């Protein structure tokens with residue numbers, strides 16, 4: 001590279017050839033504004049730090065609870081992006097825990113190096129590896145267009161009357177939940193297809209038909225986040241916490257057997273609620289079937305990359321479903337092998353550069369720090385202390401497993417109203433709830449109860465802000481928040497009642513309660 005720092009002044013350049021510095025100057029700097037939520041988060045941090053140290057709580061534990069309070073306020077208020085909050089949490093853990101005495105020997109401090117290692121420990125968790133692989137496979141689906149083909153084939157097979165369109169929308173979300181391990185990616189795939197169908201029908205964007213279709217996309221996506229383990233990041237985070245904190249994990253098939261029946265029942269409930277509360281202006285939509293066939297014909301025959309991706313996806317489903325039955329390969333390992341095949345020269349479907357451009361790396365950062373936060377809460381005894389505090393002052397110990405589940409799941413559903421990310425909610429609260437379960441006496445199945453509480457984390461049905469897929473659908477301007485809540489409130493109430501019914505019967509028969 002030529003060094004120009006000591007060059008003599010040159011003649012003025014022509015106006016048609018502006019200098020690199022001038023070209024750079026025209027790029028406006030990003031405008032950063034302070035959000036009130038950041039001040040509230042810092043205040044929460046300082047308040048918890050200033051409280052006299054409670055009996056039984058370590059110094060490091062109190063500081064971790066202060067960091068947890070900071071994280072919850074930042075995530076609820078969305079004062080900064082989730083990625084920025086993850087870096088903030090990492091720095092706070094390194095600084096505050098680094099100068100705290102260790103749990104085992106209070107005369108020795110953790111040191112910033114060890115504390116930073118605690119803050120980054122989540123990045124070595126197998127759950128993070130699985131999320132990364134899942135995001136890469138989602139990118140492959142988008143690159144090849146296989147997700148779009150699956151959606152159109154499903155709609156074509158079911159039909160395009162208003163009644164069948166709703167059934168088809170739910171069927172599409174179920175099919176994609178099996179092969180696209182990202183709720184946001186699934187909704188982003190289905191939304192343009194359904195908007196094309198709505199446009200082909202010639203119905204108004206503000207009609208009940210359009211609103212019903214788009215709300216169904218969002219709500220069915222959340223419902224099937226419960227049914228399939230690999231359908232959402234928060235599920236994988238839940239499994240990661242099980243493995244790290246309880247020493248056990250739920251297989252893909254075990255999750256499916258437990259969650260899919262509830263999701264099927266709620267899909268039926270959703271269908272009838274949309275039909276009842278957003279009645280379609282007409283039952284017959286001329287040109288609907290032709291519109292779907294036209295879209296499908298435009299895709300042409302199935303391409304070679306689509307066939308290879310379909311084969312790998314089916315292979316992954318087979319291996320996920322037979323883990324512990326026919327083989328001992330865990331879900332993350334199998335998924336990574338599938339990913340290697342998809343990136344192999346000649347037989348793969350995408351290269352690293354393409355995958356890099358289409359992967360939401362911020363999700364992985366938040367996920368890794370979330371696991372670190374939960375693990376550090378327990379390694380500093382903060383989680384155990386808080387769990388004991390909750391059990392002692394709430395009277396949970398006097399109740400049976402069903403009532404404990406009813407109380408804790410209701411708490412998660414209500415607190416979710418303040419969170420825009422189920423992953424953030426899981427990272428903040430699930431380790432504490434696991435600590436509560438560990439503190440409870442009796443023979444409660446703590447792994448099973450953790451899975452069931454993980455189900456309720458996906459209850460983002462009431463407000464559009466409660467889940468990214470809701471916001472994707474809201475962006476179509478086919479419905480407003482009031483219409484969304486009109487469907488979402490009864491879905492939440494019935495879904496919670498169904499959770500309790502399943503906990504008292506089916507899940508108890510399976511041994512999870």
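Using N, Cα and C of the backbone, Cβ positions are placed for all residues, glycine too.
Feature annotations, courtesy of Swiss-Prot:
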- 9-20: region '4 X 3 AA tandem repeats of P-S-A' (REGION)
- 32-52: transmembrane segment (TRANSMEM)
- 56-76: transmembrane segment (TRANSMEM)
- 126-146: transmembrane segment (TRANSMEM)
- 165-185: transmembrane segment (TRANSMEM)
- 208-228: transmembrane segment (TRANSMEM)
- 254-274: transmembrane segment (TRANSMEM)
- 309-329: transmembrane segment (TRANSMEM)
- 332-352: transmembrane segment (TRANSMEM)
- 360-380: transmembrane segment (TRANSMEM)
- 400-420: transmembrane segment (TRANSMEM)
- 422-442: transmembrane segment (TRANSMEM)
- 447-467: transmembrane segment (TRANSMEM)
Field: Segment proximity, the transmembrane segment (254-274) to the transmembrane segment (447-467), 3 or more C-beta pairs under 8 Å
entry: yes
Task: Tally Cβ pairs under 8 Å between the transmembrane segment (254-274) and each listed stretch (56-76, 126-146, 165-185, 309-329, 360-380), then give the stretch with the top tally.
output: 165-185
- request: Verify whether three or more Cβ pairs under 8 angstroms connect the transmembrane segment (360-380) with the transmembrane segment (56-76), leaving out any pair fewer than 6 apart in sequence.
  value: yes
Field: Feature contact check the transmembrane segment (32-52) with the transmembrane segment (126-146), CB under 8 Å, 3 or more pairs
entry: no
Task: Please work out whether the transmembrane segment (360-380) lies in contact with the transmembrane segment (32-52), by counting C-beta pairs under 8 angstroms that are 6 or more apart in sequence and asking whether there are at least 3.
output: no
Message: Below 8 angstroms Cβ to Cβ, which residues of this chain, lying six or more residues outside the transmembrane segment (422-442), approach it?
response: 68, 71-72, 75, 82, 225, 232-234, 237-238, 241, 245-246, 363, 366-367, 369-371, 373-375, 377-378, 383-384, 386-388, 390-391, 396-397, 401, 404, 408, 412, 415-416, 449-450, 453-454, 457-458, 460, 467
- request: Among 32-52, 208-228, 309-329, 400-420, point out the range having the most Cβ pairs under 8 angstroms from the transmembrane segment (165-185).
  value: 208-228
- request: Could you tell me what the rest of the chain brings near the transmembrane segment (309-329), counting residues at least six beyond its ends with Cβ under 8 Å?
  value: 137, 140-141, 144, 146, 178-179, 229-230, 251-253, 256, 302, 335, 338, 341-342, 349
Query: For the region '4 X 3 AA tandem repeats of P-S-A' (9-20), what is the mean per-residue pLDDT, to the nearest integer?
result: 45
